[in-house]
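Have a look at the structure below, then the notes.
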Amino acid sequence: MSSADRPTDAPEHCPGTQSEEAGKAAACVGCPNQAACASAPKGPDPDLAAIAERLAPVKHIVLVLSGKGGVGKSTFSAQLAFALAARGLEVGLLDIDICGPSVPKMLGLEGEEIHQSGAGWSPVYVQENLGVMSIGFMLPNPDDAVIWRGPRKNGLIKQFLKDVHWGACDYLVIDSPPGTSDEHISIVQFLKAARVDGAVVVTTPQEVSIIDVRKEINFCKKTGIPVLGVVENMSGLRAPLSSFRFHGPNGEDITDAVLAAAGAAAGGAAANSGSTAAGGGSSIGAGVMAETSVFHASGGGAARMAADMQVPFLGSVPLDPALSRAGEEGRSVFDGAGGSSGSSAPALQAIIDKLLAATGGSDGPAV
């Protein structure tokens with residue numbers, strides 16, 4: 001029995017979800033999945049061949065996962081898609097977060113609709129080489145709640161994989177919801193016959209997040225999904241000093257005085273080193289950055305976790321107002337349209353370089 005056929009919370013002697021004994025065997029008594037397994041169709045899924053055929057022109061499939069919500073999976077997925085497309089690659093971004101689809105907002109595609117052609121459902125295109133699919137395009141009102149049980153959510157995920165026409169594509173990035181339950185088990189089962197490169201696992205530095213992300217890595221190991229690497233998001237706050245406001249002990253605004261003093265110190269340091277300070281004198285240049293930790297990484301953060309679990313650590317991305325603004329405006333943080341690409345852009349580019357090397361995707365775009 002493949003570990004992908006066995007739910008992560010199944011009893012020791014689980015017969016597997018595809019077995020004729022699923023939900024009926026003595027080992028199934030008391031299992032939370034018993035009713036679902038007993039009523040589910042048994043045997044090989046005939047749609048798996050159709051999914052494999054549909055995804056055959058896709059060179060690389062990358063899942064973006066995390067056991068914890070709110071760590072920035074969709075932000076990372078969106079910016080990964082933008083960055084890959086900017087390198088001339090053909091990119092698809094599939095949002096399988098059925099109850100919380102944020103990808104349309106982050107790609108600037110709110111209000112768009114899905115269109116159907118003879119080849120299947122057509123992705124919504126941000127640009128010629130970046131297509132997107134999400135349930136967000138199917139909601140009459142973006143504020144509508146999707147109140148679906150597992151089977152209906154899984155049915156839509158299968159339809160996305162089977163019916164969306166991506167065409168010749170270098171990378172299909174799949175943005176997932178948090179956890180290790182229905183959607184995750186389904187995506188692993190549905191992609192059995194496709195060539196999945198692996199998963200990027202996103203976390204934040206604090207132990208309350210890493211506890212759940214460890215479970216996600218173990219899920220990948222049990223289901224045979226290679227872990228391409230771990231990304232630590234929100235790894236401290238790094239922003240231009242001039243973007244901060246400073247207050248005295250009684251709440252008074254002392255920003256001008258602090259920036260003037262910092263500017264003088266920066267100018268003095270530059271003079272001593274023989275270099276030219278940006279801004280110099282009593283003003284502080286845009287190149288001077290302030291950095292601080294936000295989350296207490298009591299367990300050593302993502303790097304320590306990755307080492308402990310023997311998976312690659314891809315890098316850290318700081319909290320960055322420029323990245324937040326790019327997501328709100330539905331654009332790439334790398335284009336600098338907000339006045340700066342911020343401190344997150346070089347960190348993300350370094351991570352993407354490692355990801356391309358790990359997947360062999362640096363061999364050029366699809367033809």
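Note that Cβ sites are derived from N, Cα and C of the backbone, with glycine treated the same way.
The [4Fe-4S] cluster binding site annotation in TrEMBL covers Cys14, Cys28, Cys31, Cys37. Residues or ranges marked as ATP binding site in TrEMBL: Gly67, Lys68, Gly69, Gly70, Val71, Gly72, Lys73, Ser74.
Note: Lys73 (ATP binding site) has non-local neighbours Val64, Leu65, Ser66, Asp175, Ser176, Pro178, Val202, i.e. same-chain residues 6+ apart with C-beta under 8 A of its own C-beta. Neighbour counts of Cβ atoms within 10 Å were compared across the binding-site residues Cys31, Cys37; the minimum falls on Cys31.
Separation of the C-alpha atoms of Gly70 (ATP binding site) and Cys14 ([4Fe-4S] cluster binding site): 32 Å, rounded to the nearest whole number. Excluding the listed site residues Gly67, Lys68, Gly69, Gly70, Val71, Gly72, Lys73, Ser74, the same chain places Ser66, Pro178, Val202, Thr203, Thr204, Ser209 with Cβ atoms within 8 Å of the centre of the ATP site Cβ atoms. The Cβ of Ser74 (ATP binding site) lies under 8 Å from the Cβ of Asp95, Asp97, Ser102, Val103, Met106, Asp175, each of these being in the same chain and 6 or more residues away along the sequence. Annotated pair Gly67 (ATP binding site) and Cys28 ([4Fe-4S] cluster binding site), C-alpha to C-alpha distance, rounded: 25 Å. Within the same chain, residues at least six positions away from Gly72 (ATP binding site) with a Cβ under 8 Å of its Cβ are Val202, Thr204, Asn233, Met234, Val317. Taking CA atoms as the reference points, Cys14 ([4Fe-4S] cluster binding site) and Val71 (ATP binding site) are 32 Å apart. In sequence order, Pro178, Val202, Thr203, Thr204, Ser209, Val213, Asn233, Met234 are the residues near Val71 (ATP binding site), counting only same-chain partners six or more apart with C-beta under 8 A. Annotated pair Cys28 ([4Fe-4S] cluster binding site) and Gly69 (ATP binding site), C-alpha to C-alpha distance, rounded: 30 Å.
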